[in-house]
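Residues or ranges marked as domain 'Fido' by TrEMBL: 116-291. Residues or ranges marked as ATP binding site in TrEMBL: VAL164, GLY165, ARG166, HIS167, ASP215, GLY216, ASN217, GLY218, ARG219, VAL220, SER221, ARG222. Positions annotated as active site by TrEMBL: HIS211.
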Amino acid sequence: MAEEVPTRIEPAFFEESIPSSISDLVVEIQAAAAKLGYSLHNDAAFELSDLVRVMNCYYSNLIEGHNTRPKDIERALAGVEIEEATRPLVLEAKAHVVVQREIDRLSRDGALPSPTSSEFIAWVHRRFYEEMPEEFRFVEGRDGPKVEIVPGAFRSKSEDDVSVGRHQPPSSAYVKAFMEHFSKRYAVAQAGATNKIIAIAAAHHRLNFIHPFMDGNGRVSRLMSHAMAQEAGVGGKGLWSISRGLARGLKDKTEYKSMMDHADQQRMNDRDGRGNLSAKALQDFCEWFLSVALDQIQFSNAVFSFDKLESRYRKLIEDVIDDKRAPDIISAALKHGSIDRGDIGFITKSPDRTARNTLKALLDGGFLKSSSPKTPVRIAFPLDYRERLFPNLFTDGEIDAPKPPVPSFITQTRTKEAASRSSFKPPFNEDEEFQKRVSGITALQQSLGARSTLGKIAAQELATTEPTTIDWQFVEDRVISQSIGEYGHSRAEVIEALCEFSPGAVSQEQKDEIEKRVFAAAPALAAKYNKRIMDRKPKR
């Protein structure tokens, strides 16, 4: 058991000297963020920032295994009725956007508290769970029954203790002390513009290391990172998303999880700093995280470049509106933010009646918007044409933008992996892996989520039957049914739990079969879960 003292998170920062690889990244981030949205009118940038919030929440939820269509998120934000089957996930995504809007408003008003203060972090969690649908306000308790999440409350009781993969966060009784230390350390660490940016990366890992809440830690940490970027002056008018970068990585989608795990490791030797954790691993993580941030800022610079955006928008209008004057109005709205209705004729060089018809076509198509029939019109970005206007926001495609160098740690790791794959490996012993997984069932019961469900169901079987005679596929199917149909766990979580820990999923063939069974059963089970939640009477 790790020592339960707040200094367990040290080093929290680079106390003596900042590595040149990191300071160089900071300079590039500052320069790229300063250019972002520079040529856009503030009104146009404001409209775009709402789109980026949807993108941020889409990717933040994707990291958690929750895949929600951006169009559904925007419909929920607009108050449009959502299909019952997708309603919980969509409302969860909406909650993320609502909280980020509040953070951005505080930043614009100059009222944003210190993003690393315990009070702000608790506020983010509280607001997020106040907006969450009821079915996502519960987590599976260690002893079986579901436990309601208290919005904004840090873990404090022994039954709140958790484990996260290989990492054992501080016991719940010590979380408050850890968070007080976290707040004080990063208040000091953020002295100066350079340090503010580096602290975004360092604090992101250390907050997750503490894991202060029963649930929602990942989303809260990503919203904290967003707020820290605003506070550090590299928010770029709200036009870039850290979550998109974390979900995609620099080279592959597994980097976020592996880099978080890498930064958890203990100090290796006397040359690896003076804290409890590895200083070198913190440097690796910060270099990777800041490279991801730079990659996303450069991506947004390319997507939201005024010249390219204007060109794409004009081409779109030419294709969908049969009026050669319409593109000029769009260009004017992009440049000036809003246009008085009386100026439309001047812009299009046409009589008032013709100008009104052109304007009506643009308003009806959702390309312009207005607060009332008499007020000025301003640019809009309709849902149905988002991919044409902003290619690859929600896809894995590439765009013509400069790429930051891949950090040396990632490169070295891949080189070692490639060398390892090309060298001789002893044959995988399935019997040993089977026994190892059987032995781990007892500990698995103390986990959370689908892992805990597997542990409890498997333990029941092991109490009466020899491991080698158990029908493990039957066990796995029970886990799938309970985890998705009764507890609302995601497919990704169930697949990960079974493939990593089930004694019946040792071979790759067995793992592939599990994935097929989960995907086949999930739609009906999710519908069953959602119906049960909807039928339940609300609490009074």
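Cβ from N, Cα, C; glycine included.
Features as recorded by TrEMBL, highlighted on the structure.
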residue	record	Cβ contacts under 8 Å, 6 or more apart
VAL164	ATP binding site	HIS211
ARG166	ATP binding site	ASP261, ASP264
ASP215	ATP binding site	VAL139, ILE149
ASN217	ATP binding site	LEU207, ASN208, HIS211
ARG219	ATP binding site	SER60, ASN61, GLU64, HIS96, PHE128
SER221	ATP binding site	HIS204, LEU207, ASN208
Residues VAL164, GLY165, ARG166, HIS167, ASP215, GLY216, ASN217, GLY218, ARG219, VAL220, SER221, ARG222 [recorded ATP binders]: greatest CA to CA distance in Å: 21
Assigned conformation of VAL164 (ATP binding site) - DSSP reduced to three states: strand
